[in-house]
Amino acid sequence: MKFLDLAKVYIRSGAGGNGCVSFRREKFIEYGGPDGGDGGKGGSVWAEAVDGLNTLIDFRYQQHFFAKNGQSGMGRQRSGKDGDEIVLRVPVGTEILDEDEETVLADLTHVGERVLLAKGGNGGFGNLHFKSSTNQAPRRANSGQEGVERTIWLRLKLIADAGLLGLPNAGKSTFLSSTSNARPKIADYPFTTLHPNLGVVGIDNTEFVMADIPGLIEGAHEGRGIGDRFLGHVERCAVLLHLVDGTSETVAEDYRTIINELEAYGGELASKPRVTALNKIDALDDEERAEARAALEAEVGAPVLMMSSVSREGLDLVLRAVRAEIDDDRLRIKQAEASEEEDTPWQP
């Protein structure tokens, strides 16, 4: 299935049905009075996060979603039928943006979560509603309320515990395939990975989800290479695993390139916890390892882990470091939720 993480959608809720002007007509009843029914409500447009979807590709082939109008009222106090609503089924992790692509209308992060995008119009009143002591035979009825028409954007941000970062050919896909059941495309050329991949990684009888995104290059925030739009898929991650190619002659510059792109992207991505690892050490001798590690640690300003996805050397240490950061993040979230509950005043 093709991957699509951004889609433009046109939606319109249904208009309400018109009220009816009608009078009771029965034998031997000379003054039957009004009996016009109300119009039905127009259908609303909803979005719902569902399980089993991981792409917005369906919205490439259908961009217009129009709910049904409510039917008009009828005589004998019969109300019109309500219009059928429409539900947009989206993957978990979908953000719904206004037409400006900046204003976030909703963020669906749980299965079954729903949000109302466009409310259907109310039905008009029939003439029965306008009967009074001074007007026993009203000949007026309300028109139905118009529906709401708008343009929205759907943007998918995959939900993972950890995200993989690095230049093209840093070994991210090989790492994911070595540590999980994911089978991303692997080849010895840049930009082998063209869309994000998810894998469930296990270590010490615990599991977490890791996302592999296409590699970044210098100037990605300006659209070079594949660009930086896939960085949105690691915004929700608790920790970022930054892989640096140990066979490169410029490991420090490679590391700085990715950090600069994170800072240019903005948001909280640059300040997220990071684990930095020097990859492909199976291709280096002891002297080359020490030299590359020293250069990278001087740039990072912190200890750097050594690993190889092929020989699996140091792999468990890297996974344990990532897992520790995930546990710390979950603990911080629980503490924040507990403090919010304490600050909430008691209500009877």
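Cβ from N, Cα, C; glycine included.
The GTP binding site annotation in Swiss-Prot covers 166-173, 191-195, 212-215, 279-282, 308-310 and is backed by sequence analysis. DSSP assigns K280 (GTP binding site) to coil, not to a helix or a strand.
As annotated by Swiss-Prot, Mg(2+) binding site applies to S173, T193, with the evidence given as sequence analysis. Secondary structure at S173 (Mg(2+) binding site), as computed by DSSP, is helix.
The domain 'Obg' feature in Swiss-Prot is assigned to 1-159.
Look at Swiss-Prot and you will find 160-327 tagged as domain 'OBG-type G'. Looking only at the domain 'OBG-type G' (160-327), the predicted model's pLDDT averages out at 83.
Straight-line distance linking the Cα atoms of G166 (GTP binding site) and S173 (Mg(2+) binding site), rounded to a whole number, equals 11 Å. Counting in whole angstrom, S173 (Mg(2+) binding site) lies 9 from P214 (GTP binding site) by their C-alpha atoms. Considering other CB atoms within 10 Å as the measure, the emptiest surroundings among the binding-site residues K172, H195, K280 are those of H195. Counting neighbouring Cβ atoms within 10 Å of each of the binding-site residues (N169, S308), the lowest count belongs to N169. In the structure as shown, the Cβ atom of S173 (Mg(2+) binding site) sits within 10 Å of 24 other Cβ atoms.
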